[in-house]
């Protein structure tokens, strides 16, 4: 189809630039799951704009199908294969939709100052979502009058993209492919979420092919929604029971480490902070050891439910040494035991954590006032830490051991006050 013809008859050609501007605007106002320069998180936030792009290209596709419906062309003998005609009609629609998606990704990366390739898994899924919705809209347009087909295609796809995000459980939204909650720097996109979205795409494609099939029979109006519904049901089944985000722990093999002891490992996006973190660890580790603090063999940004006890979890959010000390202090503490999530036995370790972290920060030579100010009982925490620091070293070790014991088990009250 000639460019002049496309510009004359295709709304996608006129409205495509507006769609791109809308997608770019949405991409800029949605907050990513992390402020780190993590390409997956940035791509996922930009990819969320498929919630707007998909229904719009479905309406564009319905208009293109409606032109052939008015002409009665689809049911007539024709020299060119039907797929060629459909492809030519949908070309400006796909250019508009995928161009808007690309613009959203580009502006999101530019705003973050990140020069890197977007995550190809997200790009691939969003491309499939846009293509499937455009083709389904085209098929609807072939079988219904444009005055009905265009709003019907838009409303159906918009309902699918928007409604699951508004209801619980949260995983109902994962099959749409709009994953704004993916991903924190220590997480990766869950394969189940990818498979779920592609399963729905397959259902939509089958529904479109059912409507496109000639000769047309009214039973196809029933079979097409059935195919789409089965695709959605299968997609939901794949993600049933997932957490609030479509993520899995990130592969720890990509960690970048500095030798210890203790060893320090960060994600590649934090590589520039590794030298500072290693220097801080080398400075505070001997001080904490002398104070009786049990140190892990490794400080790591890795997250996993099966993280070994010899690894202290940290997040190096900046080059600020005081913030690094605070993160290391959190990493020294034992993980919350599973019993804390049950109501049978009370867990008192949460209360002890704030006191011990403030004490660790003070022992490391960093004023604890900044940390304590983030707590409602900050004044009490500072007073307790000052009292503990005034004790002989052996009594400080005993106080620390008692509080660590309360963090490791349920039903154990921590000796918060040094007189206890």
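Every residue, even glycine, has its Cβ placed from backbone N, Cα and C.
A quick note: this is a predicted structure, and the numbers were derived from the prediction, not measured.
Range 83-110 is the one annotated as transmembrane segment, of 83-110, 251-278 (source: TrEMBL). By number of Cβ pairs under 8 Å, the transmembrane segment (192-212) is matched best by 122-142 from the list 12-31, 37-63, 122-142.
Beyond its flanks by at least six residues, the transmembrane segment (12-31) meets 6, 45-46, 48-49, 52-53, 56-57, 60, 63-64, 92-93, 95-97, 99-101, 103-105, 107-108, 111, 180 of its own chain at Cβ-Cβ distances under 8 Å. Residues belonging to the domain 'DUF7224' (264-410) score a mean pLDDT of 87 in the model. Sorting each residue of the domain 'DUF7224' (264-410) by its DSSP state yields 86 helix, 9 strand, 52 coil.
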